Structures are given as structure tokens and as C-alpha cells.
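Peer 1: Mind having a look at this structure? Questions to follow.
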Amino acid sequence: MEPGSSPLTTHVLDTASGLPAEGLCLRLSRLEDHGQQWTELRKSYTDPDGRCPGLLLPGQMKAGTYKLSFDTEGYWQKRGQESFYPYVEVVFTVTNETHKFHVPLLLSPWSYTTYRGS
């Protein structure tokens, strides 16, 4: 799938090294059952540029609450680095399924930042 065709994308940058976070495992879930249960939609890994294109197929996005779970502990362990956060969960709401959503993550062993990108 072309990266631009997915309605949801993410990009993870390792701010400690100044490089993209390659090989970071992440899971995309949607809150279902009237807000009672998370349903995993996709498990994936960031590419050499720290991106994870194609999280959802075109038309797969629907209004609701989503969660991106990043396995930060696994990422840092592979690099022989101690870290404070074992995982990062970014929960966000989609109210208009025709929009595109970009959820970047800036990551270090001791902190993280996220925002709605474009």
C-alpha cells in the first residue's frame, strides 16, 4: 500500500540518537463494545525511516476511539539501553473518518512527546 493512501500514519523519531526509530513494534486498536473493550486491528513495525505506512486501508477508518501502543521497552532493550517507560499508548478520537490522521512520536529513554501531525 502506498504510504499516502492510508488514513492513519505514524512516524517515530529516536531523539536520543537523532535518528528514526527503526524496528519499533506497535499495535493499533479501536475501542469497541460501547467503550468496554479494545480490539486490535493491526500489529506492525516501523521501517528504516521510523514510519509505519498502511496502518489502515482506505475506507477502514470509522469514527471512534483508537489507540497506538508502542513497545518502547523492546526497542530500547534491543539497543542495550535502559529506559523509564515500558510502553507508550497514544489514545485519540476520530470524529470524521474522511480526514487523514498522522500521529508522530518523539522518543527518548526518559521521555516522549506526541502530537497530531499533518
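Using the three backbone atoms N, Cα and C, a Cβ is placed for every residue, glycine included.
So TrEMBL lists these for the protein:
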- 3-117: domain 'Transthyretin/hydroxyisourate hydrolase' (DOMAIN)
- H11, R51, Y115: substrate binding site (BINDING)
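Can you tell me where each of these features sits in the structure?
Peer 2: Counting residues per DSSP class in helix, strand and coil order gives 10 helix, 54 strand, 51 coil for the domain 'Transthyretin/hydroxyisourate hydrolase' (3-117).
A sphere of 10 angstroms centred on the C-beta of R51 (substrate binding site) encloses 18 other C-beta atoms.
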Peer 1: By the count of other Cβ atoms within 10 Å, pick out the sparsest of the binding-site residues H11, Y115.
Peer 2: Y115
